[in-house]
Amino acid sequence: MSDLHNESIFITGGGSGLGLALVERFIEEGAQVATLELSAAKVASLRQRFGEHILAVEGNVTCYADYQRAVDQILTRSGKLDCFIGNAGIWDHNASLVNTPAETLETGFHELFNVNVLGYLLGAKACAPALIASEGSMIFTLSNAARYPGGGGPLYTASKHAATGLIRQLAYELAPKVRVNGVGPCGMASDLRGPQALGQSETSIMQSLTPEKIAAILPLQFFPQPADFTGPYVMLASRRNNRALSGVMINADAGLAIRGIRHVAAGLDL
């Protein structure tokens, strides 16, 4: 029997990409899975596909009331919450400082940080009482952009660095009751979109980066699928396999940390 059998897991952005892969993996592990998903169509698809194995709640990660509504439903269903996985996010499609108009930069910043940073903070706030009671864990999705420049533009990179700081602070504040960690994947096949303020809400990451381009920069030389990244989340959520890790960021980046993103300078053509 899996360590996660009957554990109550709450994942944001479970309708596609990495979030969907996490939903699938934790259900396979025997967990009671819930997700907060913005898209009504994706919520309907999750319910149709997984039936009683999923509690899919339509809501926005930038709204605390939506989080609280989801947590209330989780506690009614499962009687507890063991792990919160903050995963929903948006990317900036490498929008650069020089080429982004000032007014767009400002509105794009607020939209992206609201999702990528405030969304994590609000989720942590809503889940903290239940996780303190269960002595559970929080896991947040980061990125190679949480460590290196070049994994996005300044908006995205700054948001992931901010999320790293949030993980460390929450790990400090919530110890010894709650373990708080992060997983930093590299690029993968997903439907990751950008901010509406930058005109990117209908543009997925795969329209900006080809599989060949992603594979070429990775030392392991393959194009990752979302399921390739679920293992670290399972390990971090497991009480038996993770008794000692908190405030840790796992780089699940196909070896990118060996050398980083090697461009001498991005502004050579300025």
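Glycine is no exception: its Cβ is also placed from the backbone N, Cα and C atoms.
Noted in Swiss-Prot for the protein shown:
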ACT_SITE  TYR156  active site, proton acceptor
BINDING   10-34  NAD(+) binding site
BINDING   SER143  substrate binding site
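Taking the features listed in Swiss-Prot, we show where each one sits on the structure.
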residue: PHE10; record: NAD(+) binding site; CB count, 10 Å: 32
residue: GLY14; record: NAD(+) binding site; CB count, 10 Å: 31
residue: LEU18; record: NAD(+) binding site; CB count, 10 Å: 30
residue: LEU22; record: NAD(+) binding site; CB count, 10 Å: 29
residue: PHE26; record: NAD(+) binding site; CB count, 10 Å: 29
residue: GLY30; record: NAD(+) binding site; CB count, 10 Å: 15
residue: ALA34; record: NAD(+) binding site; CB count, 10 Å: 25
residue: SER143; record: substrate binding site; CB count, 10 Å: 28
residue: TYR156; record: active site, proton acceptor; CB count, 10 Å: 26
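For ALA34 (NAD(+) binding site) paired with the residue listed as 'active site, proton acceptor', the C-alpha to C-alpha distance reads 27 Å. Cα spacing between LEU22 (NAD(+) binding site) and TYR156 (active site, proton acceptor): 22 Å, rounded to the nearest whole number. For the residue listed as 'active site, proton acceptor', the nearest neighbour among the listed binding-site residues (PHE10, LEU18, GLY30), judged by C-alpha distance, is LEU18. Here the CA atom of SER143 (substrate binding site) lies 21 Å from the CA atom of PHE26 (NAD(+) binding site). It is 12 Å from the Cα atom of SER143 (substrate binding site) to that of LEU18 (NAD(+) binding site).
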